[in-house]
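Enquirer: This is the structure I want to talk about, given as structure tokens.
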Amino acid sequence: MAYPFQLGFQDATSPIMEELLHFHDHTLMIVFLISSLVLYVISAMLTTNLTHTSTMDAQEVETIWTILPAIILITIALPSLRILYMMDEINNPAMTIKTMGHQWYWSYEYTDYHDLSFDSYMVPTSDLKPGELRLLEVDNRVVLPVEMTIRMLISSEDVLHSWAVPSLGLKTDAIPGRLNQTTLLSIRPGLYYGQCSEICGSNHSFMPIVLEVVPLEYFEKWSVSML
């Protein structure tokens, strides 16, 4: 989860988020090299007295500054496309959960279980217990088994919402009348926090998401207790 004065990403807990972190580092390296080159050229122009007033054209230079940016864009686009296709892949999900956005709470339905559904509201600040996080705790957490592929079907009952959990690399729009889907796979147990990431009204800031990822045997006990 995030912590005060954090400058980087949250720790990755899914294969997709790990790939996104690698892609971020790859792109940042390219941006750093380009910025260094531009700063060097600017400083050289400001500090040297040499000029080329007689130069009418420079085919070699024009060729280089056309081909080099194209190569750089390709080195950025190829890994990006790979991750986009990975995010769209859904291979034999262990279960399906339907998520509906409302003003201003989330509702969840475990479609593989009979009558296993609930609403998830933010816990008011006045009701928080010691150690709980303000504006991030909910009355009903989404409990999921660890190391199992989960398909999330996401939509909305009223206005645009967005279901986002940064540490899992997830952000999917909840659109009224449209059903979006994404996959979720956590490689370690724990609590993972997210929030609605699409402005949806006056209480947009009070739509937290809490995923509780547990071993399979604990998930089975929880699902039995909820039925």
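FYI, residue positions are counted from 1 along the chain as it appears here.
Glycine is treated like the rest: Cβ placed from N, Cα and C.
So Swiss-Prot says this about it:
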TOPO_DOM  1-14  topological domain 'Mitochondrial intermembrane'
TRANSMEM  15-45  transmembrane segment
TOPO_DOM  46-59  topological domain 'Mitochondrial matrix'
TRANSMEM  60-87  transmembrane segment
TOPO_DOM  88-227  topological domain 'Mitochondrial intermembrane'
BINDING   His161, Cys196, Cys200, Met207  Cu cation A1 binding site
BINDING   Cys196, Glu198, Cys200, His204  Cu cation A2 binding site
BINDING   Glu198  Mg(2+) binding site
MOD_RES   Tyr218  phosphotyrosine
Enquirer: May I ask for the residues of the chain that lie six or more residues beyond the topological domain 'Mitochondrial intermembrane' (1-14) and have a Cβ under 8 Å from a Cβ within it?
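Expert: Those are 20-21, 24, 166-170, 184-188, 190-193, 213, in sequence order.
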Enquirer: Between Met207 (Cu cation A1 binding site) and Glu198 (Cu cation A2 binding site), what C-alpha distance do you get in Å?
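Expert: Just about 10 Å between their Cα atoms.
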Enquirer: Can you list the residues of the same chain, besides Cys196, Glu198, Cys200, His204, whose Cβ falls within 8 Å of the Cu cation A2 site's Cβ centroid?
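Expert: Apart from Cys196, Glu198, Cys200, His204, the close residues are Gly101, Trp104, Val159, Leu160, His161, Ser162, Ser197, Ile199, Gly201, Met207.
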Enquirer: Rank aside, I only need the closest one: which of the binding-site residues Cys196, Glu198, His204 has its C-alpha nearest to that of Tyr218 (phosphotyrosine)?
Expert: Cys196
Enquirer: For each of the binding-site residues (Cys200, Met207), count the other CB atoms lying within 10 A of its CB, then report the residue with the highest count.
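Expert: Compared across Cys200, Met207, the most Cβ atoms within 10 Å surround Met207.
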Enquirer: Across the topological domain 'Mitochondrial matrix' (46-59), what does the mean pLDDT come to, as a whole number?
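Expert: Mean pLDDT, the topological domain 'Mitochondrial matrix' (46-59): 73.
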Enquirer: 10 Å Cβ neighbour count around His204 (Cu cation A2 binding site)?
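Expert: Its Cβ shell of radius 10 Å holds 17 other Cβ atoms.
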Enquirer: Summarise the topological domain 'Mitochondrial intermembrane' (1-14) as counts of helix, strand and coil residues per DSSP.
Expert: 0 helix, 0 strand, 14 coil
Enquirer: Can you tell me how far the Cα of Glu198 (Cu cation A2 binding site) sits from the Cα of His161 (Cu cation A1 binding site), in Å?
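Expert: With distance taken Cα to Cα, His161 (Cu cation A1 binding site) is 5 Å from Glu198 (Cu cation A2 binding site).
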Enquirer: Among His161, Tyr218, all listed as recorded positions, which has the most CB atoms within 10 Å of its CB?
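Expert: By the 10 Å Cβ neighbour count, His161 comes out on top.
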Enquirer: Within 10 Å of the Cβ of Cys196 (Cu cation A1 binding site), how many other Cβ atoms can be counted across all chains shown?
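Expert: Counting Cβ neighbours of Cys196 (Cu cation A1 binding site) within 10 Å gives 25.
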Enquirer: Near the Cβ of Glu198 (Cu cation A2 binding site), how many other Cβ atoms are there if near means within 10 Å?
Expert: 18
Enquirer: What other residues of the same chain, not counting His161, Cys196, Cys200, Met207, have a CB atom within 8 A of the CB centroid of the Cu cation A1 site?
Expert: Gly101, Gln103, Trp104, Trp106, Ser162, Ala174, Gln195, Ser197, Glu198, Gly201, His204
